[in-house]
């Protein structure tokens, strides 16, 4: 009897196995599949059997009879395994496409009064759909409702899938739409099912509409959904739309996977590879662009120069100049001689990366290979030289450009004018401006801004203002930058009233000021000790949501410390302080404060007396500064807090 408890041998359909009840181990002599006889209940508790049953159902069966044998044993166990275990077994048989067996076992379960659930009946629906009898599937849906069960997203998804398999696309879409309109909200699989169906039947437009509906709901599309539609668009030769959708998904933070790229790449012709690489690079996705290039080569499609140039430009835009150079070298090693665009792209990258010597070396290499630099090449390099402070070399290159027969364009002249003005060569800049006019090149507003700025900084404010007022006659409207240049010039000369009037005038002309506009005039007023005007303007600035620049706050704090009891000034200062405090601006600029105390900040908002408000703000700044300094002794902090409390008590 002891031996019988410890070990038992069973024979099920000719396959012997032993079960050791001491450790719950099933010993198999040969068969990879283990079954339990009716006697297993004597030795094997229900939880272990159910665990085995579920595990086996999940891993699947190689033979139908093994699954049926397991069912036979399950219905003999007392108490019976859970409905979840039976559902998993039925699901495994359904995956083997033995649908009639599922029906048979279902009838046995019903006969044995095993409590069925929605999942059981959904498996039946799936089996009917697998037999192309979706009408019977809807009958089961009626049975679900009759039993008082609530069908779920899986139930409806199964029916939608069945309708799609039966080419009943209109009915599938109708059921999907009804599902969306009711409490039975589709899940990701539901959306994927209907979109996949629409794409496979050539209804790409409808699939896109479902995608848009999905984006508006709580269930957001994933990479699989996007990939299906991208694939369908490519098959419809709508490659541009596919590219746009690819970029859209990346902007939403959904990275494409290998399937996405394969779908897209198979729809592209060689010239469109360049478009894809260029589009990815412009979105900052240089790694993905590089992957596309690799896939292209693997497919036997040799990238052309345009593709290499696009990838190189992408790396340059990201500041990855070493990677850009690798693409340049790879291009040469694969037998593609770099052209002027290739060189210009890398030169531009070097200039923006402040690697002007490398840019110059590349330029000389370009010339030594017999290639003729174009206007873009010269413009890029001249601009880079000016930015690097190499004014003389930039000027020489401009002359060399013309000597080589390359005519400067409006961009070239604008770069030169800006560079000359910034290097205090106003006379030469004006002469060059007249050359532009002689050559019938119409300067744009950027060109005029450079010249006006140069005039202001050279002390020729009247000439700058005259040129400014002549802009409308030339068909140009001043930009906010133009106004800022003039306002800065007026403030530099101390003509603050006119600067303030210019602020009013620019708004009247439909040009909104920016933070730099306010900064310039406020600093001008503060330096001239016109503190009330500065405070009014600062209040206006803060109310518009602009953040004052770094120099303004320390000037304001110093002013508050020294200013007398002028009520108008204090009133404006108080309101500005409160606004600054609300925006958490003041603290970030005073002596590099590292901490903010929310409870202390809120205290100031409760004080209405102007003079006290300013005192509190000053003490708050002191207190917060102390709280950010580990070296301040706690006693000093306590003193500051007591001083603050005393001020509050006065209120």
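Using N, Cα and C of the backbone, Cβ positions are placed for all residues, glycine too.
TrEMBL: automatically predicted annotations, no manual curation.
Taken from TrEMBL, the feature repeat 'PPR' covers 117-151, 152-186, 187-221, 222-256, 269-303, 304-338, 339-373, 374-408, 409-443, 444-478, 479-513, 514-548.
Taking H, G and I as helix, E and B as strand and the rest as coil, DSSP gives the repeat 'PPR' (117-151) the counts 26 helix, 0 strand, 9 coil.
Under DSSP, the residues of the repeat 'PPR' (339-373) split into helix, strand and coil as follows: 26 helix, 0 strand, 9 coil. Among the stretches 117-151, 152-186, 222-256, 479-513, the one making the largest number of Cβ pairs under 8 Å with the repeat 'PPR' (269-303) is 222-256. Long-range contacts of the repeat 'PPR' (339-373) within the same chain: residues 305, 308-309, 312-313, 315-317, 319, 321, 324-325, 328, 331, 380-381, 383-385, 387-388, 390, 401, 404, 406, each at least 6 residues beyond the stretch ends and with a Cβ under 8 Å from a Cβ of the stretch.
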